[in-house]
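What TrEMBL lists as transmembrane segment is 7-25, 58-79, 91-112, 118-139, 159-177, 209-230, 242-262, 268-290.
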Amino acid sequence: MKKLKIYSIITTVIVLIVLLQGSIVTKTGSGQGCGTTWPLCFGDVIPYNPTLETIIEYTHRLISSTAGLLVLILSFWSWRKLQHMKEIKFFAILASAAIIVQGLMGAGQVVFGQPPLIMALHFGFSAISLAAVFSITLFTFETPATKVAVQVGRELRRYIVFITVYAYAVIYTGAFVKHMEASAVCKGFPLCNGEAVLFSQGTVVFAQMFHRIAGMLLTVLIAVFVVWVLKQYRHQRLLVTLSLISMLLIVVQLISGIGMVFTSNQNLTFGLMHALVISIFFALFVYMIVITRRGK
């Protein structure tokens, strides 16, 4: 079991790197760094005299392929070793399916091109893959005697599920903004170029402002969640800790998003932080769904 624990941690880190690499590819416009050929790069196994964009895209392909293989092995291995956990089958299948779809969508974008509405799903599947692998990793540290379960009321369980689904929708709108190249269309925050616009300035501005509103609403939902937990479930130390971590993450997420606006999306650190934090946040809530359902 120790080997599985170490392997699952390594796989989680690699999947996280792939997610960040994908953000770098989008941010630097390196998606066509290997032309329109896949899995080869300009028809070669190893690109000759590559540009920076080619290096970024080629490296992303190599690590993504490695991550895909690691996830498939982890899914099979954990399914075999953790059969006593009823959740493992679902998460093993989810992790494998998400990483495969993610890879196929990336290849499809290179070869055929995809509209922003479709390409936004690519990052969404990356987040799902990370959440599934992250959950499997946590499962490897459990035993039948130390199974983590948190007892909460049905209303809070449903609220956690709602936040998770809503967070995924926010992830999608953010990815859509990136692929629409709308990240820097509005100067200033919370207004757009000094105006409270939403529908009057075209699709690009609408996408940016809609994502902002969705993100701020998510912050409010998390504040409600934290207050709810602290008032009614203070005795559940794990839930209190996770709720406070989620609040911290969403604040960092908001700050990084505002930072992207005020730097006109030219600061790579803000962009990577924005992608990283929301993905960890989503994975955290997926795990909270599991442990609160166990407590029923």
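Cβ from N, Cα, C; glycine included.
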Query raised in the report: Taking residues 6+ outside the transmembrane segment (268-290), which of them lie with a CB under 8 Å of any CB in it?
Result: 16, 19-20, 22-24, 27, 87, 123, 126-127, 130-132, 134-135, 138, 150, 157, 160-161, 163-164, 167-168, 170-171, 174, 183, 239, 242, 245-246, 249-250, 252-253, 256-257, 259-260
Report summary line: For the transmembrane segment (58-79), the distant same-chain contacts (Cβ-Cβ under 8 Å, at least six residues beyond its ends) come to 4, 7-8, 10-11, 14-15, 17-18, 21-22, 24-25, 30, 33-34, 38-39, 41, 47, 50, 88-89, 91-93, 95-96, 99-100, 102-103, 106, 129, 133, 136, 139-140
Query raised in the report: So are the transmembrane segment (7-25) and the transmembrane segment (159-177) touching or not, going by 3+ C-beta pairs under 8 A with a sequence gap of 6 or more?
Result: no
Query raised in the report: What else in the chain is close to the transmembrane segment (242-262), if you only count residues 6 or more beyond its ends and a Cβ gap under 8 Å?
Result: 183-184, 186-189, 212, 215-216, 218-219, 222-223, 225-226, 229-230, 270-271, 273-274, 277-278, 280-281, 284-285, 288
